Amino acid sequence: MAIMDRFRGHSHPSPASSSTMIDQDPEKKPQMIQGGVKEIFRVRIIAMAIIVSMGGFIFGYDTGQISGFLEMPDFLDKFADQRNAQGELVFSNWKSGLIVALLSIGTLMGALIAAPIADKFGRKYSIIFWNIIFCVGVIVQITTTTTWYQISLGRWVAGLGVGGLSVLTPMYQSETAPRYVRGALVSCYQLFITLGIFTAYCINYGTEDRTTSYSWKVPMGIGFIWSLLMMVGILFMQESPRWEYRRGKVDEARHTIALTYGVANDHPEVQREIQEIQKKLEAEQAGGGHHPWYEIFTGPRMGYRVLLGVTLQALQQLTGANYYFYYGTTIFQSVGIENSYITSMILGGVNFVTTFPGLYIVEKFGRRPALICGALWMFMCFLVFASLGHFALENPDGTTSQGVGYAMITFACLFIAGFASTWGPIVWAVVGEIYPSRYRAKAMALATASNWTFNFLISFFTPYITSAIDYRYGYVFAGCCFAGAVVVYFFVCESHGRTLEEIDTMYILHVTPWKSKHWKPTPGEELPALDNTYLTPGGRGIKKGNEARAPEQSRRESVPATEADMQASGARQE
């Protein structure tokens, strides 16, 4: 318990020892880079934001275009399975549900498969692999003629690629980005999702009046462009420095961190971050090299964090953003907008534009305040929207109650603005930060799979539920929004401005979430080790006989170190 008390700040080293340690380790001096305008808007940071976040654009574009296809005359003529009362071709609920939702099934599987591939081959080349899979799925769809299940199969294959990218994009950003802009960069994933959706709506609007397969095959084929841009761009980016270090590429990791911060390789900020990565790896090696897959649940505070990530991603879907897009056509009819493509463009435009403030909010106010306030805002919007729809709207299409319709449209847009600037982007940032390097890929895969699972359930069952309980369905989502605020307040630690290793330490030490903003590690002390703090000889992941092996010895046996690394380690031991 002594080591735990020390890192909680209950004891401090003597001034003399602290001074000596800082003199020997100049990187421990408080020379942390502050993220000003000059540091943030560098070419490399902007390139990272655009190129890597294209994974979100690909997902948003593929999601946005399918809703338009289902109403295009040629698509209906080739694949619809029934006629309505007016004799018009329409899709049955089960067929439209399968065509739309099979993408989510593919993304769920792709997210789970992506973790071991990313750990083995690296983040960079895994991104290229999943882009190729996405392109194969588009080819399967675009070559069909009259076979509806070929569209569904192609969306499933494309979903595998989208699912893999949904794990790798925030993972790469969180592992590579400078700490002062990490939240904004990871949040760019959601920004590009909204941009992709809006772009798809606009392109669909431009081709929907065509009576040939041109109307839906051209928007589908344009999807190749975004994937190609991402594959070419990522070739010019560096690999994740944390993956490089764990593979023994210490010099490459140091160089990558220096590039992302825009400083020299020996800058104190670079040395500090390298040391923290090193200490975490030493802790793992001290506990033995073999770590079975189930340690993502049994590792230090990992069960807590995996459940937290899964819950946050589920709640992101359960906030009900997709519900508004489903009901958008109906409520916009009350003000005379009959074209569903225009409706989609309005909602998609609000969704995209209001995501930009989220990139500022996440770095200015932190993760916790933004998520809590955003959840309460959405809770309020849903209560008003559902109450107006159920109690004040006189008939389903709103033609005799335009005032109510205007009010509902207003609160729909206010909700989307709240979601797009808080829960939309920031949940991806939080989930990308709370796991240690050893478990990050697998834990993020599970959390992301939770998102896709609820995405599928909501997209498939919403038509059936809304036909049974109309706008009262909104009260369910309102309750989920309020639950989201509670979960964040009691369980999420503030991670703004901290390195990934410091965030890991906060969860290991059971730092109280609502006090976590003010937590600081003891100056001059190493961060607590994972295995040698919580595990005992002969226990999980530690073989008897290895307990006496020093962390530094273990690291030398598993990871080659540079001469500078060994000199720094010797100085710390002295």
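Note: Cβ is positioned from N, Cα and C throughout, glycine not excepted.
What TrEMBL records for this protein:
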- 1-29: region 'Disordered' (REGION)
- 41-61: transmembrane segment (TRANSMEM)
- 48-496: domain 'Major facilitator superfamily (MFS) profile' (DOMAIN)
- 97-115: transmembrane segment (TRANSMEM)
- 127-149: transmembrane segment (TRANSMEM)
- 155-172: transmembrane segment (TRANSMEM)
- 184-206: transmembrane segment (TRANSMEM)
- 218-237: transmembrane segment (TRANSMEM)
- 306-326: transmembrane segment (TRANSMEM)
- 341-362: transmembrane segment (TRANSMEM)
- 369-393: transmembrane segment (TRANSMEM)
- 405-431: transmembrane segment (TRANSMEM)
- 443-461: transmembrane segment (TRANSMEM)
- 473-492: transmembrane segment (TRANSMEM)
- 530-574: region 'Disordered' (REGION)
- 544-558: compositional bias 'Basic and acidic residues' (COMPBIAS)
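Sequence-distant residue pairs (6 or more apart) of the transmembrane segment (369-393) and the transmembrane segment (473-492) include at least 3 whose Cβ atoms are under 8 Å, placing the two stretches in contact. Sequence-remote contacts of a segment are chain residues at least 6 beyond its ends whose Cβ falls under 8 Å from one of its Cβ atoms, and for the transmembrane segment (405-431) they are 170, 174, 182-183, 186-191, 193-194, 309, 312-313, 315-316, 319-321, 324, 327-328, 331-335, 347, 350-352, 354-359, 361-362, 367, 370-371, 373-375, 377-378, 381-382, 384-385, 388-389, 393, 398, 444, 447-448, 484, 492, 495. The stretch from 184-206, 306-326, 443-461 that makes the most Cβ contacts under 8 Å with the transmembrane segment (341-362) is 184-206. Between the transmembrane segment (41-61) and the stretches 155-172, 184-206, 218-237, 306-326, 473-492, Cβ pairs under 8 Å are most numerous for 184-206.
Stretch with the largest number of CB pairs closer than 8 A to the transmembrane segment (443-461), among 97-115, 155-172, 218-237, 473-492: 97-115.
Count of Cβ pairs under 8 Å against the transmembrane segment (306-326): among 155-172, 218-237, 473-492, the largest is for 473-492.
Here the domain 'Major facilitator superfamily (MFS) profile' (48-496) has a mean pLDDT of 83 out of 100.
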